[in-house]
Amino acid sequence: MTTSTSASGTQNGNSLRSPLLLPPPPPSKIPESDSAPEKLLIDDMLQRYCGEFGPWQLHHFVLTNLAWALEGFHTMVMIFADREPDWTCLGPGCDPQAKNICGFEPGSWTWIGGADSSIVSQWGLVCENKYKVGLVQAMFFCGCMIGAGVFGHLSDSKLGRKGSLTIVCILNAIFGCATAFSPNYLTYLLLRVLTGFSTGGVGLCAFVLATEPVGPTKRGAAGMSTFYFFSTGIVILSGIAYCFRSWHTLYIASSIPSILFVVLVLPFLSESPRWYLVRGKVNEAMKIMHSIAKYNGKHLPDGVVLALDEEESNESNGKQDYKEELEQKEAITGSIIDVIKSPVTRIRLFLAVTINFLCSVVYYGLSLNVVNLDTNIYFNVALNAVAEMPAFLITALLLDRFGRKPLAISTIWFSGTFCLMGALMRSGGIWNTVRMVCGILGIFGMSGTYNLLFIYTTELFPTVVRNAALGCATQAAQMGAILAPFVVVLGGTLPFAVFAVCGIVGGVFCFYLPETLNKPMYDTLTGMEEGEGEGV
């Protein structure tokens, strides 16, 4: 149920009203006086009349970011479904002290928990077939990489933020449930690729939809808070996996929340007013702004209207001309090609892609090292997710005080420094414990960086190409996720050395990015070029 349909239903007096978001008032009208309307950018209107982060934004923010928990489900379910279960000997031909079952006589051993406890025990993905488990993980992230690019473009163009989020959640529910009934490995692999394709669009669509209606001074802290939902989702998934030990039932149980989200949450979400504005749908954008103001206890005067940043502020040739302008306003579109053509955004895109790639290698690489500790897998995964949360809090508290750029450099180098220390540690004895601590501190620093980059990237690009650019950065991050396991298998101190280099180099690249703190969130490429000049 979109905002416009809510308005229509309110006029009829028969529609069901959202329990969280009040229906918007009728479309704003051109004032009856001869004075021209006052044109304002969305950020200015939020600050002056609607409220930057009131009850409307809070409700919308919480509901939208529930999608992040769903992304955690569909991404991390592989940890439990693709794990190698414990085994036990049944008789001669089996060595209970062995580290694996390779070379055991058939029938001399059995899987603990049954054959359906994971895909490894179901299809015998051990010994010479062990590589197939890693292949599934790599192909899932390949699907994520493709999906991020596709849905990043679609959410900027025809589908919009809410439309794209609706489609990816529906696809996740379908592919996730279908995976539970995979009859063989190849079918499972294909469905995981398709799940990755849809999952790749969940986070970026949810992030932009949740943060675009937030005012400029609150956007940083709000953006950092989105990642609590992802970590919380992983914690919940650990509990679900503990209750459902069969990989078949686990996939169904972890996919049902996507169905509930589509049915119970999405109808109460509003499309982004920024997307409406750049698509030429000023009336729809104004309905949402009136709804925000009313729900926040504010008042938005009828004589105030939205304008793009490339338009002359407060300039009009009268009421009649503005009416004609409103009726004839065309959608402004953009693609990744336009990002590359612009002298301002193409440098930003290169830097954002490179930094996201390097940080992803470190983040996923260190996460794999910690997750593979010889401890209870359910407790371990939950603990790792909880351990990231302090990094989100600290980054959110410092974000608007020190700015995006200094904080990004500091957190990346914090992680890179401890990775370098881990690479210099000797093996054996107490040094193994020290290296583990270095890894945990490296994850702590990179968790703050990895999530800060979402906020930073969205602010570096205008609305018309924001999701397309964020999709490219997300694709680069997925490529880093694909390569991370190959770095981990190097063993010894080499992974820490690679992570250290990636962290330090990533911090150097951040020096060439502009600061976005207290800068306007531009709508169009022309507006950004005029506002920022020809530099980065």
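Quick reminder: no glycine exception, Cβ is built from N, Cα and C everywhere.
TrEMBL entries are annotated by machine, without manual review.
Matching 189-209, 462-482 against TrEMBL, the residues noted as transmembrane segment span 189-209.
Nonlocal intrachain contacts for the transmembrane segment (349-371), taken as residues 6+ away from its ends with a CB within less than 8 angstroms of a stretch CB, comprise 79, 336, 339-340, 380-381, 384, 408, 412, 415-416, 419, 436, 439-440, 442-443, 446-447, 449-450, 453, 456-457, 460-461, 469, 472-481, 483-485, 487-488, 495, 498-499, 502-503, 505-506, 509-510, 512-513, 536.
Proximity of distant same-chain residues to the transmembrane segment (406-424), defined by a Cβ-Cβ separation under 8 Å and at least 6 residues beyond the stretch ends, is recorded for 355, 359, 362, 366, 391, 395, 398-399, 435, 438-439, 441-446, 448-449, 452-453, 456, 493-494, 496-497, 499-504, 506-507, 510-511, 513.
By the count of Cβ pairs under 8 Å, the stretch nearest in packing to the transmembrane segment (221-242) among 134-152, 248-269, 377-399, 430-456, 494-513 is 377-399. Here the transmembrane segment (377-399) has long-range neighbours at 72, 76, 79-80, 83, 220-221, 224-225, 227-228, 231-232, 234-235, 237-239, 241-242, 367, 370-371, 407, 411, 440, 443-445, 447-448, 451-452, 455, 517, meaning same-chain residues at least 6 beyond its ends whose C-beta is under 8 angstroms from one of its own. For the transmembrane segment (164-183), the residues of the chain that approach it from at least six positions outside its boundaries are 64, 67, 70, 73-74, 147, 151, 154-155, 191-192, 194-195, 197-202, 205-206, 209, 247-252, 254-256, 258-259, 261-262, 266, 269, 467, judged by C-beta separation under 8 angstroms.
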